[in-house]
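The annotation active site, proton acceptor is assigned in Swiss-Prot to Glu84 on the grounds of sequence analysis. Positions annotated as ATP binding site by Swiss-Prot, on the basis of sequence analysis: Gly10, Pro11, Met12, Tyr13, Ser14, Gly15, Lys16, Thr17, Asp83, Glu84, Val85, Gln86. The Zn(2+) binding site annotation in Swiss-Prot covers Cys140, Cys143, Cys173, Cys176.
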Amino acid sequence: MAGKLTLIVGPMYSGKTTELLSYVEIYRLGRKKTIVFKPSLDNRYGVDCVKTHAGVEVEAIAVEKSADAMKYIKQPVDAVFVDEVQFFDKDLVKIVRQLLDQDVDIFCAGLDMTFKQNPFETTMLLMSLANEIIKKKAVCHICGEYNATLTYKFVQDDSEIDIGGKEKYIAVCRDCYNKVASKND
């Protein structure tokens, strides 16, 4: 029986990593063999852990390229968890497909869109393979409603790959995004 891919997506501050780590906990409580990966590019909370904004953390292996992950995966493994998938190269998709065929469950979390509302390629490719897609939302930083599906970058830097947190980004609903974006055009 093939493994299954669960993909958790949404804007910043929507609880993607929190949900990912809850699945890690479930598998570990069930005495399943797990491994957690993150991109080495994301060192906001350290290099050897995945950490939520609330401070919950799990040990993780930071890899520069998707292919590097395979040398850490020793069979048998029951589940592989990947945070911040938007920062991985698209080779991750081949690796996920290979692991699914080996009956490994995969859980991935990440942004689905850039702050310019462009899709992240690796995330979109994983969506095409996913058995389940969980689309998260956040509280809009501007109007306070629980309807934010977009990330807005408020610093003057046009780079779409730019690691950061509250010093650069906020979660916003579409109405507030359009209002703020039109003021800054």
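Just so you know, glycine gets a Cβ as well, placed from its N, Cα and C.
Everything Swiss-Prot records as a feature, shown here on the structure.
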residue: Gly10; record: ATP binding site; DSSP class: strand
residue: Lys16; record: ATP binding site; DSSP class: helix
residue: Asp83; record: ATP binding site; DSSP class: coil
residue: Cys140; record: Zn(2+) binding site; DSSP class: coil
residue: Cys173; record: Zn(2+) binding site; DSSP class: coil
Neighbour tally for Ser14 (ATP binding site), based on other Cβ positions within 10 Å of its Cβ: 23
Tertiary neighbours of Cys143 (Zn(2+) binding site) (same chain, Cβ under 8 Å, six or more apart): Cys173, Asp175, Cys176
Non-site residues, in chain order, whose CB comes within 8 A of the mean position of the CB atoms of Cys140, Cys143, Cys173, Cys176 at Zn(2+): His141, Ile142, Gly144, Glu145, Asn147, Ala148, Val172, Arg174, Asp175, Tyr177
Per-residue Cβ crowding (10 Å cut-off), top of recorded positions Asp83, Glu84: Asp83
Euclidean distance between Cα atoms of Cys140 (Zn(2+) binding site) and Asp83 (ATP binding site), Å: 23
Alpha-carbon spacing, the residue listed as 'active site, proton acceptor' to Cys140 (Zn(2+) binding site), which is rounded to whole Å: 21
Tertiary neighbours of Gly10 (ATP binding site) (same chain, Cβ under 8 Å, six or more apart): Lys16, Leu111, Asp112, Lys135, Lys136, Lys137, Ala138, Thr149
Separation of alpha carbons, Cys140 (Zn(2+) binding site) and Ser14 (ATP binding site) (Å): 10
